[in-house]
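See structure below.
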Amino acid sequence: MNTPDRDMSLQVPGQVKQRYSSLCSDDELLDDDDSTLWQDEVLRNSQGSVYLPNSGRLPSAIKEDSSQLTAVIKMGWLDKNPPQGALYYQRRWVKLDVDYLRYFDSDKEIYSKGTISTAFITNVSSVGELKFEVATNNRTFIFRAESEAERNDWVTVLQDCTRGRHRHSTMNPGSPLTPDYQGYLELKGLRSKLYTVVALDKVYLYKNIEDYRIGVGITSIEMNVGNVKDTDRRSFDLTTPYRIFSFIAESEQLKEQWVNAMRNAIGEALSNSEVAERIWAEPSNSLCADCGAPKPEWAAINLCVVVCKRCAGEHRGLGPSISKVRSLKMDRKVWTEELIQVFLLLGNERVNSFWAANVPPSEALTPSSCTEERRRFITNKYRQGKYRKYHPLYGNQRELDNALCINVQCSDVLETLSLIFCGADVNCSTGMPNWPSPLSLATAHSQPLQAELISHNLNTELPRSVVDMAMDTVPYAPPPCVSYNGFLFKTASMARAITERKTREEFSRRWCTLNDGTFSYYESDKNSNPNGALKASEIVCLAVDTPERHGYENTFELYSESERLYLFGTDDGDSHKEWVKSLAKSFIPASAEPLLRLGFERIGRLKCKDGLNLQTSKVGWFALVGSTLHAYLNDSKGEEIHLRKLNELSIQQDNEVLVLVEKGRTLYIEGERKLDFAGWCAAIQTAAGSGGDTLSQQQLTETDIPVIVHSCIGYITQCGLTSEGIYRKSGVNSRVAALCERFRQDARSVRLREGEHQVDDVSNTLKRFFRELEEGLFTSEDARTWLSTAAIQDESKKISQYQMLLNRLPRVNKATLQALINHLYCVQRFSELNQMNLHNLAIVFGPTLFQTDGKDYTAGRAIEDLIQHYTLIFEVDEQQLKKQLEEITVIIQVREKLNTKFPSTEPGGHFICTVYLEEKKETAEQHVKIPGSMTAAELTCEVLDRRNIAVKDREYWSCWEVSDKEEMERPLHYQERVLPILHSFGTDSHLLIKKHLAMEAMIVYLTSKVDVSKHGMMKFREERSILGLGLTSGSFHDRYFILNSSSLRMYKEVRSNRPERDWPVKNLRVYLGIKKKLRPPTCWGLTVVYESKKQERPEKQQWYLCCDTQSEMREWYATFLSIQYDGNVWPQDGLQQTRVSRVLPDTRHGNVSLIPLRGSENEMRNSVAAFSQDPLALFRDVR
């Protein structure tokens, strides 16, 4: 009988105050557990076991391994049924892939609470309101969605995933999970054992052997990130970047067997990954050849396509005579060096130019396509050959065989594949006794890749013809060839960008032809030998210059693969247009053909990465038209990027990556070639800037509001609504003019900050922008009509007329007007504070917006109407407006409470910062005023005072800089100024006040040191690629380091005489922690940031150090800190003195050592003796 199941995971019994994130469910106890013993044991062993504090969870930015992401079909939040059919449900993050339905505590967890093998699912159906059940032969799991649509979607996807699969009732040797080693292991802290299975490159955990047999587990561990260490006679640790699993075997002998099995699994995982990584090095192989899913792990080795797991299942259904499916990660023996080279040479993109040359858009697959669609498409593609590109010799068997014998003697493997799958016989006779077959012929001519392809197709069943055999023998028609010719004027080719105007005298008249994919230029139309030629396949970019940029009225530039630039010109506008069209058509592929219909300024090929796949680059075709960048990435549909609406545009990593950030997406365009990439960068940056003085030519937000308007309104709402006479008072003219110019150059880069910018300067900048706006906000065409509407007496007619005029405005003007009137409406609602009522605002903004002299109040009356009837004219949601006003009220109250209105003359300005106490959550927030002189110790005391927390003896409360994105943190030195740290913050960083638990141990270590320096081995890795562009290059290597009072030096080995690198210690900033996606070899790592102080060329580097033990890491960090602050690592009297004085420590007492390092031998001996009695006495007595 099926009963509602319980979470297949373990429970932490007892009421433990500190919550631990574990594999244990919060709704099930292990049998025979003594909860009190369990509680004590967990707390004692928490550091070395699987039970880690919540802070040990992986941040969301890298919360899942890429291999896990690729297989996910659907994921989301669901409520799961509790144990024993109780009435309450538990919130679970649920993920479905081809093999398992998994559920987790949260979307940040790596290891699941429970898994259900899809091979054992017998039924999925809707039950009751918003609920559905997943049934196996032995258990039924009930889930509840948030909506009926979501419930139905889960049911449909689950049914599709499990439909047509061979059902299992129990696990057997033929099951998908074939174990290499299995048995019971005990987790430290638990007296119950888990049934553990090592299979291939994973370790699976089950509650017991019965659950293993029915496919219901707890979690699985990817061994490519694992490391196994012996810890005791029967104990060993499986360490991953996310958790440490501490196991106890039943005997020493069994422990050795378990350790060997898991180490073999790690070796299997690493060796398996090596083949996959090499295959994926060809960018098109990182996407499934059939559906486009990322990171495909299977391949049809005879068809030369790399496919995802779901498509591989359908390939198997075709049978091995059609598709020989092999895993990139498991079938190591089949992946010879020659076969890997075949896949790298061809790649999915080139192979699909044959297999998928004629796929109708309505039949194309996507990663979310269902099983039936995949089966139909893959059958048509490979069994029927429906979409292939027919060879010109198709249907002529003799010629096909002859062409095959000729082609295998050269290196064109794609042509061989085309011949084979269009009917050439791989076993045909060559007519040569010494080399009777194409295979022997390829081998004899040293063509191992040809031989490899043929060897895998000796018995392949060729696609069944879908073409009527009565057709002509040559059905394939090559694409029409682009041809054009005429006279052009040409300069000498260049290896650098053109920075100066070329005169007519620098051009030479040349006869130019474009034919058969080659652009050639001759001395004259009578010459038969060209002066030079450029194949269309070598052209990577075509740029159309603005008229009269050079000596000839119309010019264009061609950029080649070999980093050469060719400049051509003509005075004939029609000829120029035809040349540009023909040349573009010759090198732009059919998949990006719509780009040719645009009036582009620049068109060409670039490599790029986006947020969906940052590991591998893909080829994109781009065209720049005005301020819009049109793009076709691989075979995707075209998309438009509105450059003036970008959130961010920057060039990073030595001018090699152009970063375009728009809402919900970041696109990284890479500089494959410096010459054309520099041209693209300059053109895109120019197009993204303000293009003129009209509204539509400004840099815009996503809601079509000019950035300058959005920034000024936002600043005044935050800082100026209580400023008396806002918008009426004048700012400083020079500052206003400078701010206007900064916005005009690049509004996106301007950041308005309190203390740095004055409210009246910003308000006058906004008014000047509208007064100088070309054509005005209301447009020159309709401005008089707006003014005449103000004279209408009937209020309803007047409002209707305003609404009609509003709808006639251009899109940007309408959005801008609504944003401005909304702002002015809010300003006058707080007129008791700022003295700017409706009438006063109308007097100021009437002449400004209508650009009149101010003598006629008609303009003011129109603005007064718009503000007064704002909700009616703009059809505003009253509730939304009420919420907005409430938020503004809160801002004003907070500012008054914190006394944040500071004199502009105060040096350094002030800053309002959110600081967290002990953990980052809303209830722990403190909003603190940060003067320029505030130190970390003063900020710590400020927050502790607010919470009435008394600092006890030997409690080391500190202020920490925490970076979520980089997964690192740093305790600020107690004398360190806070404001510079805040100004250098990213959006993913915050300040946290918490105890420095290692400080006492660091002080003990430093007081025991006689020598200030330190040396030893550490593992080193350097950051070589920009953040966000996938995996960084390189790995961790052992290096010998010497840290002294002036520098940190790195040597290749202990015996080396000359350092590889040398950094000044004062320029290093050391953080605790390393990004887990870098897969550090140990848990104890440091992230080191080096910033040079050179004014002319500041430099920033980031690299990583790994230590073997926690104490070793602590010692290195303490030494860094001691050297950088001359031994003064903690205030002598603790934080109490700082709490009382709130003044900067006297810098004259900063250079004090923690232990007397000078004096006689007796003095040194006495110091050490005193230290042995009281390790902290020497530190406390220093003056």
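Positions of Cβ are set from backbone N, Cα and C atoms, glycine also.
No curator has checked TrEMBL annotations; they are predicted automatically.
As annotated by TrEMBL, domain 'PH' applies to 71-163 (among others).
Helix, strand and coil counts under DSSP for the domain 'PH' (178-267) come to 24 helix, 39 strand, 27 coil. TrEMBL lists 178-267 (among others) with the feature domain 'PH'.
According to TrEMBL, the domain 'Arf-GAP' annotation covers 273-398.
Look at TrEMBL and you will find 481-588 (among others) tagged as domain 'PH'. The DSSP breakdown of the domain 'PH' (481-588) into helical (H, G, I), extended (E, B) and coil residues amounts to 21 helix, 44 strand, 43 coil.
Sequence annotations record features per position, and here TrEMBL assigns domain 'Rho-GAP' to 698-874. Note on the domain 'Rho-GAP' (698-874): its mean pLDDT in the predicted model is 89.
Residues in the domain 'Ras-associating' (909-998) partition by DSSP class (helix H, G, I; strand E, B; coil) as 19 helix, 35 strand, 36 coil. Per TrEMBL, domain 'Ras-associating' is recorded for 909-998.
According to TrEMBL, the feature domain 'PH' maps to 1011-1125 (among others).
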For this session: Could you tell me whether the domain 'Ras-associating' (909-998) and the domain 'PH' (71-163) have 3+ CB pairs under 8 A, leaving out pairs under 6 positions apart?
Result: no
Problem set entry | the domain 'Arf-GAP' (273-398) touching the domain 'PH' (1011-1125) per 3+ Cβ pairs under 8 Å rule | no
